[in-house]
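Before any comments, here is the structure.
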Amino acid sequence: MAGKIVQVKDTTFESGKTNIAVPITGKISTDIISQVKQALNHHPDVIEWRIDYDRDVLDHENYLDTVDHIQSLIGNTPLLTTFRTAHEGGVSSLEDAEYFSIYRWLLENRLTDMLDIELNRNKATVDFLINLAHHQNIPVILSNHDFQSTPDETEIISKLKRMQERNADIGKIAVMPHTSKDVLTLLNATEKANRELEIPIITMSMGDLGKVSRVTGPLFGSTLSFATVAEASAPGQLTVETVRKGMATLN
């Protein structure tokens, strides 16, 4: 079905089109800005700022300076802000209260164009943040990352449907394959979910085995692929050029 189209600045998320996001993983402001400039040379559709890498993420003054600089550079390219917790593959750990505090501050001050929220955080916290984001007209990606295994097809689809029911604008699932069959499971689930859900979805099979899933989005229905120009933020990420060429070849 995938009838909903999400427009963020100049980037459209819709079935049949796969955008490319470059994660920014700098630990200090100068490195963050340097990575953004490098990423923009490759013309991504989205800049993802992985703020769990930022050593000064809790310093509001420094954060404001950094995000203002980022926005001045990226223009009409959307900024997706993500604090990936250690439990889901990030580099920092936060209790629910800290996670809530950072995201609430970001949303109240409209410091991002899109926000990634982890599905498995405290339900009341997640629901509040989604409502606040929508009040601020900021689209939400509800996400879930399994770095241990690939659930069966039914469970993957069920999680994506749950994201839709929780009022996500976009649903995201990342899984870890151990066999080629696991990769096929993710791709089959993506194709089926893309037909059944009304929201755009993002899916990927991680690691070397899952690399193919990062270029097959237009075929199966994933609307965003994460690609690198510097340090990868997840196992199996390909370069922007590799993803772009792969998608063009398959499409």
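Here the Cβ of each residue, glycine as well, is placed from N, Cα and C on the backbone.
Those TrEMBL annotations? Automatic predictions, nothing curated.
Cβ neighbour count for ARG84 (3-dehydroquinate binding site) (all protein chains, 10 Å cutoff from its Cβ): 22. Under the heading 3-dehydroquinate binding site, TrEMBL lists GLU48, TRP49, ARG50, ARG84, ARG214, SER233, GLN237.
For HIS145, the entry in TrEMBL reads active site, proton donor/acceptor. DSSP assigns HIS145 (active site, proton donor/acceptor) to a strand segment in the three-state reduction.
If you look up TrEMBL, you'll see LYS172 marked as active site, schiff-base intermediate with substrate. LYS172 (active site, schiff-base intermediate with substrate) counts 27 other C-beta atoms within 10 Å of its own C-beta, drawing on all protein chains shown. DSSP gives LYS172 (active site, schiff-base intermediate with substrate) a strand state.
Spatial neighbours are here defined as Cα atoms within 10 angstroms of one another, and by that definition the neighbours of HIS145 (active site, proton donor/acceptor) among the recorded positions GLU48, TRP49, ARG50, LYS172, ARG214, GLN237 are LYS172. DSSP assigns GLU48 (3-dehydroquinate binding site) to a strand.
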